[in-house]
Every structure is written in structure tokens, then in C-alpha cells.
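Below: the structure, in C-alpha cells.
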Amino acid sequence: HLHVAPSQITPLVSAYLAVIFGYVNALALAVLAGAVGIVTNTANISVYLKLGFAETTNISFFALSICDWLVSASTLVAQITYNEPVSVMRLPSGVPLSEVGIGACYVMYPCLGCSACITAILSIDRCLCIALPFKVKDILTPRRTTSLILTMVVYESIFVTLFFTFPGAPYDAYDPRRAAYFIYSFSAPTFIAFFIVLVSTIILVVKLKQSLAWRKDAAKQPAAAGGSRRSKELKAARCVVAICSIFIICFVPNFVLFIVTLVYPTFALKDPYLGTLLTVMYSFSILFQVMSSAVNIFVYYRMSAKYREGFNALSCRHVK
């Protein structure tokens, strides 16, 4: 279609269908998932504050819950204000609400990048616990885990600042510098984290199956020396595998988009033939990412006895 005027090119996906997918995926479902994520991650933050931070996994789960809360809240704001009819409304200052949606995206994507990095830290932590059970406490201490997470937070905060202080008018949504900020704050960290989490999860699954028992270890070694600690480590590893599996599944659309745009750079929103297809893929990517931030509570509650106790205690307190 290179020799045809853009106005004469029929898009691979019709504009009408792209709008339908956008409203269903990125607006209705993503807004619902964002609202759910705010509630579930508020609960997660409260529970892990109650459980304390003596264990490295608690530190990582707490930090992950904060990032996921920010992702859920910013997605909710972005999808409501960036889509019509709300986007055409204006604040008392005269600024269109669509600008608020853009600002929320500048928070959402760095937080997604930070969330991906924390998930990678979690997966590496559990791999070390399985591979080096007697040395991991010296390698990944609570202080080092906290330092790693804070480093990620500072790194992503730099790009949030750059997004909001980006100089120059008029506004251009496709500005190369802003695109570079997006790559370094979101695409590159999630791409690297995706591979780390994928490899770590495979290693964890293999190691867990080799250990007496992915599901039967605790029952087979109830009284063995060190059996209780071993069972506890395996249960924690299973919980991390579940969280990592959710991350892998939900970030596949984003991973595919990143690879395709690297291999085929003309696959862009401006392309008259493929632009609407990319719009649809983006809507699925946003939906899956916010879902990833909203559903971790079900894994924590199902697979962690301490989390269940803390959650039930908080629930009973609020009911009273």
C-alpha cells in the first residue's frame, strides 16, 4: 500500500471495530479492573503492614501492592478522562480532561515498569531459596531487598518527573524524546523483567517437582529434621510461582507488541493500514496489565496461611 494515498487505504481492522474494542476493553473492563485493584491492593497493603517486614517476601509483596495500587488508580483515571465523552470536558482552568488522562498515563507506565522489576526480584529471591537454602539469608537480606526495590522506585521516579517537566510547545503525542522516556521507563524494564520472571519460574517449577513434592512434600516429611522449614519455603515458592505465572500471562500482549514494533517499525498508530489493529492490541494490553495488578490478592489468600490470618483479622475488626 506504499503507492496508494493514505486516505484510499482500507485499514486491516475497521475504525468502528477498533472503537468498539477500545470502549469495551480499555474503558469498561479496564475501569472495572482498576476499581477492583484499588480495593484489593488497599487490603494487601494493610495486611502486609500488619505482618511486618522480617521476611524478604513480605517486603516485596508490600512494595508490589503499592505499585499495583498506583497502576490501578492511574488506569482508572486515565481510561475515564482520556475517552469521550469525558475527554472533551474541561476543568475550571480551561484544560481539557484528556490532559488529566495523559498525566495519569505518565504515572501508570513507570509504575508498571516498577511492578515488573519487583516481580523479577521476587522470582530471583525464591530461586535462591530453592537452589541455595543455607546461603540465601546472607545473599538477600531484608535491607538489600529494600535497597533493590528503592533503587527501582528512584529510577522510575526520574522518568515520572521527566514526563511532567517535558519542555516545549506545542504538545506532540509522538515526540521522540517522550517516546524514549516511555521505552526506558516501561518497555525496557518490563521486557527484561519478563525474561527474568519466565526463566526463574521455569527453574522454580523444575526444582519444586524435584523436591519431594510440588504438592506432597509437607505431607511426606511432617517430622523430618528441617522438614517444617523446607515445607514453608516450598509453599512460599508456590505462591511466587502463581504470582509470576499471572505476570507472564498478563504481560504477553505487551511483550508481543514490543517485539513486533522492534521487528517492524512501521507498525505504528499513524499507519493507515495497521494503526487500528495496533489500537485494538493496545486495548488488550492495558486490560491485561491492570488485571495483573488487581488479582494477586486471590493468590495471597489461597496460598498463604499468614496472609489469610492477617486478612481475616482485619476484616473482623472492620466488621465490628
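Cβ coordinates are placed from backbone N, Cα and C, and glycine is handled just like the others.
A TrEMBL annotation is a machine prediction, not a hand-curated record.
Annotation comment: TrEMBL describes 24-300 as domain 'G-protein coupled receptors family 1 profile'. On the 0 to 100 pLDDT scale, the domain 'G-protein coupled receptors family 1 profile' (24-300) averages 83 in the predicted structure.
Residues annotated as transmembrane segment in TrEMBL: 15-39 (among others).
Beyond its flanks by at least six residues, the transmembrane segment (59-80) meets 26-27, 30-31, 33-38, 41-42, 44-45, 48-49, 53, 86, 100-102, 104-105, 107-108, 111-112, 114-115, 118-119, 121-122, 125, 142, 145-146, 149, 153, 243, 286, 289-290, 292-294, 296, 300 of its own chain at Cβ-Cβ distances under 8 Å. Residues or ranges marked as transmembrane segment in TrEMBL: 59-80 (among others).
TrEMBL lists 100-124 (among others) with the feature transmembrane segment.
The transmembrane segment annotation in TrEMBL covers 145-169 (among others).
According to TrEMBL, the transmembrane segment annotation covers 181-206 (among others). Packing against the transmembrane segment (181-206) from elsewhere in the chain are residues 109-110, 112-114, 116-117, 119-120, 123-124, 126-127, 130-131, 152, 156, 159-160, 162-163, 166, 214, 237, 240-241, 244-245, 247-248, 251, 254-255, 258: each is 6 or more residues past its ends and has a CB under 8 Å from a CB in it.
Annotated transmembrane segment per TrEMBL: 239-264 (among others), in sequence order.
Per TrEMBL, transmembrane segment is recorded for 276-301 (among others).
Sequence-distant neighbours of the transmembrane segment (145-169) (same chain, 6+ residues past either end, Cβ-Cβ under 8 Å): 53, 56, 59-60, 63, 103, 106-107, 110-111, 113-114, 117-118, 121, 125, 175, 177-178, 181, 184-185, 189.
Stretch with the largest number of CB pairs closer than 8 A to the transmembrane segment (276-301), among 15-39, 100-124, 239-264: 15-39.
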